[in-house]
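K.L.:
What follows is a structure written as structure tokens; I'll ask about it next.
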Amino acid sequence: MLKISRRLVALLLVGASALASAKDPQPSAIVVGGGLAGLTAAFELQQRGWNVTLLEAKPSVGGRASLAATEWIGSAKLQPQLNHYLQGFQLQTVPAPGYVRQIGYLVDGQYFSVDDLAKAQPTTAESIKRYEKSLDDLASSIEDPLNPLATHTLIKLDGITVANWLDKLNLTPTARALVDQRIRSRLDEPSRLSLLHLAQQARVYRGLWEDERRVARLPGGSPVLAQAFVKRLKVVKTNARVSSISQDAKGVTVKVGATGYHADYAVLAVPLPALGKISLTPALLPLQQKALADINYGWRDQMLLKFKKPVWGKARLTGEIFSDKGLGMLWVEPALKGGANLLINLSGDNARLLNAFGDRQMVDQVLIRFDQRYPGAREQFTGFELRRFGKDGLAGGAYVAYGPGEISRYWRIWEKPLGRVLFAGEHTEVLYPGTLEGALRSGQRAAEQASLLAAGKPLEAPKAKLAESKPAEQKGGFFSRLFN
Ligand SMILES: Cc1cc2nc3c(=O)[nH]c(=O)nc-3n(C[C@H](O)[C@H](O)[C@H](O)COP(=O)(O)OP(=O)(O)OC[C@H]3O[C@@H](n4cnc5c(N)ncnc54)[C@H](O)[C@@H]3O)c2cc1C
């Protein structure tokens, strides 16, 4: 009787699993990395009926989401996918006041709007305008930002650093300090950047750059968006650091410690420095391996300083403000528990220099300078929060910022799957790298590619749609002026 029932159970189990597989034709995927790229890929695949497991190394998801308690959101024209998910998840944003839409400057500690600077320091303002015009000329020479290497002249731009190009513009010293700060805050140190990268990004945002960038705030910042994805995902495992991924003709095996997860496909949505720490079988292509060691990441650390009251008085430190003293982009954060908070972004080589400092020492360096400008700041100081992306082994930097020659060598190499492994993350995005929008788009692209592969369909060249912007204009003679 016992024997019969065991056989029966065994038969039933076989029958059940056969039934399960007959009923369970959905493909499966493991998504590695719980930043916004991985969350989007997981969500989009799950929406298509896939069985998805998301593995995140840290105790919580969100990745490089900002320290800002209420993050700036660009317009639907500039960041369509970000706005699409905010709306879809019914996350309320708050309109941004008009004055934060334009950038501002701190010169010798004094705040200037663009208009004020034009009145108070016309030579500096004209010099900055000359930089903007020259960059716009470069941008308009790129017909298709998806194909920035279209001509020999553009390829040549990739070999030039932004700093060398700026040298030739002969800006006034104050204008140069402000322009340097603007570039290093948004991308990286001008001496480390490819001029083609700066020009291609200017082309992508041409005509949209400033006033569309900050139209609203998301209370709680991008972690709120990350949590909205998590709420909709069936399987999310945190504290699950992936050490290896192997694949054969049937599927992938992803290892976290001694545990192996099996699926049809894997989406690898981790930054390049973290990707280099995952063992892949078969290995990455030689060019991809070279890129891991090579591609420049911008450096941007974030420091939230908390004060008992706004020591900056009536100075408008809100918006995107660039200082001539390398303090970085800064803005006033709503202090949710009273007091007054200031968010300071330390970028480029200024931040790299502080790398050797401990957290408290680093904060002191900034406070000392701040106190010189706003006396009493140190007495009013109550605490800080710090995110040092360059020191974080799971990030390895702020975001991709191509150095000289790197676009020529590595353009679009992460869009091609490695067998059953697909790549996502802001670094894989060609139009909007280094942004939330780019991370979301890359997750959508990886999900679309996995679906095509599972359906046995060929992968089309990824469709990357440019936000509506001004069309390119041809500028005769511009390059001869540049290269001469
Ligand atoms: C200081 C700063 C300010 C920014 N400000 C803005 C802004 O104002 N507007 C904007 O649009 N964008 C901004 N960005 C950019 C934006 O935050 C990023 O582009 C985006 O968050 C990147 O998302 P991601 O998913 O590609 O990568 P990540 O967010 O880095 O996600 C990758 C995830 O993978 C995990 N991981 C790594 N290795 C493993 C492993 N082995 N196993 C499992 N998990 C692993 C990491 O822990 C991480 O959670 C800013 C970035 C920084 C650094």
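Numbering starts at 1 and runs along the chain as displayed.
Quick reminder: no glycine exception, Cβ is built from N, Cα and C everywhere.
Among the features that TrEMBL reports, signal peptide is placed at 1-22. What TrEMBL records for 36-449 is domain 'Amine oxidase'. Feature annotation from TrEMBL assigns FAD binding site to E56, A57, V242.
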K.L.:
Max Cα distance spanning E56, A57, V242 (FAD binders), Å?
P.N.:
8
K.L.:
Count the Cβ atoms, other than its own, that fall within 10 Å of the Cβ of E56 (FAD binding site), considering every protein chain shown.
P.N.:
27
K.L.:
Mind telling me which of the binding-site residues A57, V242 has the densest Cβ neighbourhood, counting other Cβ atoms within 10 Å?
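P.N.:
For the binding-site residues A57, V242, the Cβ with the most other Cβ atoms within 10 Å is V242.
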K.L.:
Averaged over the domain 'Amine oxidase' (36-449), what pLDDT does the prediction give?
P.N.:
91
K.L.:
Note the Cβ centroid of E56, A57, V242, the recorded FAD site, then list each other residue of that chain whose Cβ lies within 8 Å of it, in sequence.
P.N.:
V32, G33, G34, L55, K58, T238, A240, R241, V256, V270, L394
K.L.:
Which state, by DSSP, holds V242 (FAD binding site): helix, strand or coil?
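P.N.:
V242 (FAD binding site) sits in coil per DSSP, no helix or strand.
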K.L.:
Could you tell me which three-state DSSP class A57 (FAD binding site) falls into?
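P.N.:
Going by the DSSP assignment, A57 (FAD binding site) belongs to neither helix nor strand, so it counts as coil.
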